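One structure below.
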Amino acid sequence: MFDQFDALLLARIQFAFTVSFHFIFPAFSIGLASYLAVLEGLWLKTGKPLYLDLFKYWLKIFAIAFAMGVVSGIVMSYQFGTNWSVFSDVAGPVIGPLMAYEVLTAFFLEAGFLGVMLFGMERVGRKLHFAATLMVAVGTFISAFWILSVNSWMHTPTGYEIGANGQYLPGDSWLAIIFNPSFPYRLVHTVLAAYITTAFVVGGVGAWHLLKDRTNAHARKMFSMAMWMAALVVPVQIFAGDLHGLNTLEHQPQKVMAMEGHYESHPDGAPLYIFGIPNDEEQRLDYAIGIPKVSSLILKHDLDAPLAGLDTIPDDEQPPVAVVFWSFRVMVGLGFAMLGVGLWSLLARWRGRLYDWPWLHKAALVMAPSGFVAVIAGWITTEVGRQPYVIYNLMRTADAASPLDAPAVGASLLAFVIVYFAVFGAGVWYILHLMHKPPHPGEYGVKRGDKGPIRTAGITPGPTQDPTDESRRNLSRDKREPETLS
Amino acid sequence: MTIAYDLTTIWAFIIAFAVFAYVVMDGFDLGIGILFPTFEVGPERDRAMNSIAPVWDGNETWLVLGGGGLFAAFPLAYAVILPATYPLIIAMLLGLVFRGVAFEYRWRDPAHRRYWDAAFTGGSFVAAMAQGMTLGALLQGIEVTGRAYSGSWFDWLTPYTLLTGLGTVAGYALLGATWLVWKLDGESQHHARNLGKRAAWATLVLMGGVSLYNIFLNAEYAARWLTEPEIYYAAPVPVLTALVAVALLRALSVERHSKPFWLSLALFFFGMAGLGVTMWPFIVPPDLTIWDAAAPERSQIFMLVGVAITMPLIIAYTAWAYWVFRGKVGHEGYH
């Protein structure tokens with residue numbers, strides 16, 4: 001039947017599959033929660049109904065994305081134990097508490113206030129509702145903080161001791177564990193990526209509706225806001241990514257060697273390879289096209305600086321180069337394409353053509369999913385780049401898996417693949433359907449039931465209730481196209 | 001039975017609290033899912049769903065705390081239990097996927113609503129059954145060699161685990177029915193009370209069955225309940241459980257508000273207390289005690305600080321969220 005290697009490979013595929021699928025949702029909801037908070041804040045500040053309409057438009061989409069993030073996230077919190085039990089036992093004392101803090105400080109905060117955020121606008125005051133939205137947005141950030149600390153510790157472990165029973169134990173200072181060397185860079189790079197991902201989705205939806213009706217005020221507003229994000233945040237992200245790369249060079253040099261395709265060492269200036277076919281067998285980059293010395297310039301800020309290559313690393317400690325090399329290029333390529341859209345939008349704004357330049361809108365539409373691809377490519381780069389280790393230089397992935405047989409892991413992998421594609425495919429379809437509808441005045445919030453939202457007996461509408469909501473609901477019930485798919 | 005109040009013991013109680021909070025809070029959500037096919041399509045289903053829509057996500061978070069807390073405070077137990085009950089855990093997770101997305105999807109897609117309603121029921125049933133069977137698999141004992149699970153694929157599948165699984169399904173149905181007695185009115189409430197009565201009987205019978213099975217299953221378990229001086233500590237649990245059961249059955253005949261729900265919670269509380277008496281001080285019977293599996297003191301202290309600060313806040317804002325959505329769930333035109 002299957003040998004041990006197959007069970008390991010299947011477990012790795014399962015983790016890669018479930019975590020990649022999962023991360024798509026938080027990559028969107030981290031940014032979207034903040035965007036919703038901004039929209040609601042602007043509505044409270046200016047009183048313009050346009051912002052409330054946009055808030056409600058995106059709230060419906062957020063509700064679906066968040067639900068998918070929650071259920072796929074619960075799977076992750078058990079994947080460690082089901083498929084990587086040796087890792088869990090050994091690393092639990094160090095990373096377990098950080099994950100417990102994530103639950104205590106982030107998950108409860110998000111979940112506790114989500115109900116009020118989604119359904120409570122007519123039950124609590126406007127300010128209290130805004131506070132709930134802020135709590136959800138802050139919760140998504142705190143969640144990113146802890147889980148990225150855990151992930152970073154696995155890349156750059158510090159502050160631990162090795163116990164007599166083989167476990168990694170916390171040392172004197174938890175700060176040394178939490179703020180391990182790669183964490184600040186990874187946190188900034190990932191959170192900015194989430195914001196940019198959301199900005200391009202919002203921009204793409206705005207562009208889609210501008211292509212159909214360039215006078216739509218709601219589409220104009222969301223497109224403009226998204227393009228400001230693209231123009232201002234993408235350059236910051238490229239800078240942050242560069243710093244993250246330098247940090248990786250310091251702590252995980254073979255990952256950078258794989259990203260750069262540097263099989264051989266370059267004592268006097270290394271080239272920046274634009275293209276090439278990594279050949280692990282022969283340990284060389286076939287058909288390489290590169291710019292001499294530029295890699296040294298980027299990584300060492302000196303054209304002639306020496307850079308070591310994978311020839312200095314034993315074969316059994318090298319990551320698979322091709323995956324890292326290509327995923328890195330996909331991420332960087334998309335990053336510069338995003339920068340291009342951002343700059344284009346500045347030009348359009350300057351020429352007063354932001355809302356009537358169809359080619360810009362088409363470009364933004366094409367780029368709408370680019371954030372997701374870039375984010376996944378970035379994670380593949382960093383995660384495959386630290387192989388063969390699960391805890392860098394300490395524990396090999398091959399030594400971390402659960403004592404399971406291949407058919408068990410294979411069957412569960414198959415179940416995850418089928419269920420995720422069916423369930424999350426449907427969810428993405430529903431989101432696309434909501435996005436397809438133009439945002440308009442009198443936008444509905446998250447609706448419950450065919451006959452209106454939830455009501456409660458014994459509670460009279462308080463003075464805080466938004467009277468416009470009531471009239472809008474009646475209006476929309478009578479005149480608008482049905483909310484639902486039918 | 002002596003209890004030393006060290007950090008490990010405190011952590012055992014924190015995990016037990018998280019599991020209890022999960023079981024009763026997501027228990028009524030899952031219970032409503034299990035009972036969902038008995039509700040009329042239309043307003044009755046919508047109201048049942050709406051009664052939990054704002055809170056289910058918070059309720060499910062306790063499961064992450066239970067799992068994450070176990071990982072953090074008792075990493076060895078986490079690393080043994082999950083591979084030992086692998087198919088159950090995967091089934092539970094997939095069940096929760098279907099159940100969780102159904103909350104949103106059913107409103108988005110009325111043309112396929114009945115499929116998402118079926119996913120809601122199926123997911124809830126599978127998750128409840130898997131949780132109950134996992135508990136049974138733990139109680140019947142897990143084979144450990146060194147620091148890893150060493151049993152075979154289907155150790156978790158026995159008549160006993162089927163019994164604990166069904167008991168959990170019945171118990172969740174009871175919680176769901178009594179929650180609906182509280183949140184609904186009129187004909188739907190009447191329906192919920194009838195369901196509650198049946199679920200209460202099923203729960204009591206299965207609880208009794210599991211208790212007897214425990215005593216015959218394992219001499220050590222029997223000793224905890226039936227020998228002196230343990231019997232004096234243990235005896236109040238079944239006595240109080242019986243009193244609560246009588247009160248619950250009476251309340252289900254007359255009450256229209258929250259009383260049956262609170263009594264169901266009490267029933268679960270004493271049920272869990274009974275499990276605690278049975279298992280103590282083992283976290284993975286028959287080999288691993290809580291001290292064998294515990295994380296080092298530094299991890300325990302660090303997390304304890306976090307729990308001490310955040311838990312009162314979590315309870316406060318969770319209570320606030322429930323309060324915001326208090327009262328009977330209405331429908332259009334109802335005040």
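Keep in mind that glycine also has a Cβ here, set from the backbone N, Cα and C atoms.
The transmembrane segment annotation in TrEMBL covers A:15-36 (among others). If you look at the transmembrane segment (A:15-36), the same-chain residues 6 or more away from its ends with a CB under 8 A from one of its CBs are 55, 58-59, 61-62, 65-66, 68-69, 72-73, 75-76, 79, 83-84, 117, 133, 136-137, 139-141, 143-144, 191, 193-199, 201-202, 225, 371-372, 375-376, 379, 383, 413, 416-417, 420, 424.
The transmembrane segment feature in TrEMBL is assigned to A:57-78 (among others).
Same-chain residues lying 6 or more positions outside the transmembrane segment (A:98-121) and placing a CB less than 8 Å from one of its CB atoms are 36, 59, 63, 66, 70, 77, 128-129, 132-133, 135-136, 138-140, 142-143, 145-147, 149-150, 153, 177-178, 445-446, 448, 453-454, 466, 469. Residues or ranges marked as transmembrane segment by TrEMBL: A:98-121 (among others).
Within its own chain, the transmembrane segment (A:128-148) is flanked in space by residues 26, 29-30, 33-34, 36-37, 40-41, 44, 98-99, 101-102, 105-107, 109-110, 112-114, 116-117, 120-121, 183, 186-187, 190-191, 194, 464, which lie at least six positions past its ends and keep a Cβ under 8 Å from the stretch. Per TrEMBL, the feature transmembrane segment maps to A:128-148 (among others).
For the transmembrane segment (A:192-211), the residues of the chain that approach it from at least six positions outside its boundaries are 26-28, 30-32, 34-35, 58, 144, 218-227, 229-230, 233-234, 236-237, 240, 338, 341, 355, 358, 360-362, 364-365, 367-372, 374-375, 378, 435-436, 438-439, judged by C-beta separation under 8 angstroms. The transmembrane segment annotation in TrEMBL covers A:192-211 (among others).
TrEMBL lists A:223-240 (among others) with the feature transmembrane segment. Cβ atoms under 8 Å from those of the transmembrane segment (A:223-240) belong to residues 35, 38, 185, 188-189, 192-193, 195-196, 199-200, 202-203, 206-207, 210, 335-336, 338-339, 341-343, 345-346, 348-349, 354-355, 361, 364 of the same chain, restricted to positions at least 6 beyond its ends.
With a cut-off of 8 Å between Cβ atoms, the residues of this chain six or more beyond the transmembrane segment (A:323-347) that come close are 196, 200, 203, 227-228, 230-232, 234-235, 237-238, 241, 255, 258-261, 276, 278, 354, 360, 363-364, 367, 370-371, 373-374, 377-378, 380-381, 384-385. Residues or ranges marked as transmembrane segment by TrEMBL: A:323-347 (among others).
Under the heading transmembrane segment, TrEMBL lists A:359-380 (among others).
Annotated transmembrane segment per TrEMBL: A:413-432 (among others), in sequence order.
Taken from TrEMBL, the feature region 'Disordered' applies to A:444-486.
Taken from TrEMBL, the feature compositional bias 'Basic and acidic residues' applies to A:469-486.
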